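According to TrEMBL:
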- 28-46: transmembrane segment (TRANSMEM)
- 58-75: transmembrane segment (TRANSMEM)
- 96-116: transmembrane segment (TRANSMEM)
- 128-152: transmembrane segment (TRANSMEM)
- 159-180: transmembrane segment (TRANSMEM)
- 186-209: transmembrane segment (TRANSMEM)
- 302-324: transmembrane segment (TRANSMEM)
- 339-361: transmembrane segment (TRANSMEM)
- 368-387: transmembrane segment (TRANSMEM)
- 393-414: transmembrane segment (TRANSMEM)
Amino acid sequence: MSELRIGSPTAGPVALAGKVLREPSVQLLASQVLTGVVAMAANILMVRSLSPANRGEVALLLQVVYLATQLLLLGTERSFVAAYHNVSPAPAVRAYARLLAVPCLLFLGGAVIWQVAAPAHLTPGPLIVAMLAWFALIEATSLATRSIAIAVGRVRDFLLARVLEALLLFTMLIGLYLGHADHPEWWFLAYLIAGATPTVVYLVIWLRLPIVAGSGAVHPDQNRQVRREGLALFPAALSNMAMLRVDRLVIPALASTAALGHYTSVATMTELLAWPIRAYADSRLGRWRVSHNEGALKAAPIVAAVAVYVLVVVPLVAGGLYLLVEPLFGHEYADAKVIVLPLVAAAGLYAVSRISLGLLIAKGHGGLVSAAEIAGFVVSFAAYLLLIPRLGILGAAYGSLAGYGACLVFAMVASRIVGRR
C-alpha cells in the first residue's frame, strides 16, 4: 500500500503544491492579499458608517502614520534583508532593535515637544498625537518584522501574524459598524490595536527561540552596513512613500476632507493591484543579488513577465471597479467613478517600477533607486499642485499617473545605462 501511495499520480501535484506554499514569495503574497482583502472590507465598512469628511479624516491619520514609519526605518527594511542571511531569529530581532532604538526615541521626544510647544490650531490634541506616535512605532516594528522574517526564513510566522491582525481588525471594524460608530478616532484606534497585538506576540516568540545550529553569526559591522545602505535607500523609501501618500495630504488642503473620502474609497482598491508584484520583488531581492554577483541575473525576462501581468489585469480591474463603485459605496460616492481608470493605470505602472527598482537594488545601485523615486515624487507633487485646484480628485488621479510613470521611465533608463557598463 505504501508503494502504491508513493507512486500514485497525486503524489507529484501534492508535493509540488506543498513546495509552492512554502515558497517565501507565495507566503508574502498571501499576507499582502489578506491585508488587501481586509483593507477593502474596512474601506467599505468605513464608507458605509462615516461621512465622506470623517472617512477622509481616518485616511489622513493613516497617511501621517505611514509617512512617519519611513522616518523611523531610515531605509533599512530592504538593506537588512540584503545584509543578513542564515541568522537565527533572536539575534536578528536584537540587531534590528538596535537600528530602531535611536530613531524611535527621537521620534517620541519630537511628538511630546510638538504637543507641548505647537500652537493649538496646529495640533489635533494630546490623544490623537499619542495615538499617531504609538501607531507609527507599531507600524515601523511591523515592517521590521517583515524584513526579519525574510532574512531568517520565517515568513510563515509573519503570515500568521498578519492573519491574527486581519482577524482582530475585521472583528473590531464589524463591531464599530454594528455599533454605528461615527467618530474617526474609534476606527483609527482599531487599526492601532490590531497592528500591535500580533507584532508584539511574535517578537516575544522569536526572542525566546534557541539559536539554530549552523546559523551565521551577527557581526557589529553588519548593522553599520545595513545603516549605510539604508541611508542610501532612505531618499527612495521616503520619496516612494510620499509619492504613494502625499496625495492624501494635499487633497484636504487644496480641496476638502470630503474629496479625500471619495478619492480614498477608490485608491484603496486600485493600489492592491501592485501588491503581489511588490511582495515578489521583496522576496527575491536576496536571490537577485546572489545571481548578480555570480553574473547570472537576467532582468529583461522578469520585467517582461510583470508587464504582461499588468496588461492583462489592468483592464479587468478597471472595468470591474467602475461597475462596483456605487453598489459598494453608495450613490454619494458616484463622483469617484471618474478616477477609476487613471488610478488603475497608475497602479499598473507602479507595479512594473517595483521590479525595475528591485533589480537595481540587487545590482547595488541604491543611489539610482533613490533618484528614480525622487523623480516620481517631484513629478506627482507638481501635478497635484497644478491639477487638484482645477480638476479636484481627477487631478490627483492624473498626478499619480504622471508620477508613477516618471518613476518607471527613470528606472528603465537607468537600468539600460547600468546594463551597458
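Every residue, even glycine, has its Cβ placed from backbone N, Cα and C.
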Original post:
Who are the long-range neighbours of the transmembrane segment (159-180) in its own chain, taking Cβ under 8 Å and residues 6 or more past its ends?
Top reply: 27-28, 30-31, 34-35, 37-38, 41-42, 45-46, 48-49, 145, 186-187, 190-191, 193-195, 197-199, 201-202
Original post:
Under 8 Å, at least 3 Cβ pairs, sequence separation 6 or more: does that hold for the transmembrane segment (339-361) versus the transmembrane segment (393-414)?
Top reply: yes
Original post:
In the same chain, which residue numbers or ranges, 6 or more beyond the ends of the transmembrane segment (128-152), come under 8 angstroms Cβ to Cβ?
Top reply: 24, 28, 61, 64-66, 68-69, 72-73, 76-78, 80-81, 84-85, 87-89, 92-93, 96, 99-100, 104, 107-108, 111, 114-115, 158, 161, 185, 188-189, 191-192, 195-196, 199, 202-203, 206, 282-283, 286
Subject >> Cβ-based contact of the transmembrane segment (96-116) with the transmembrane segment (186-209), 3 or more pairs under 8 Å >> reply: no
Subject >> Surrounding residues of the transmembrane segment (186-209) on its own chain - C-beta under 8 Å, 6+ positions past either end >> reply: 46, 49-50, 58, 61-62, 88-90, 92-94, 131, 134-135, 138-139, 141-142, 145, 148, 154, 157-158, 160-162, 164-166, 168-169, 172-173, 176
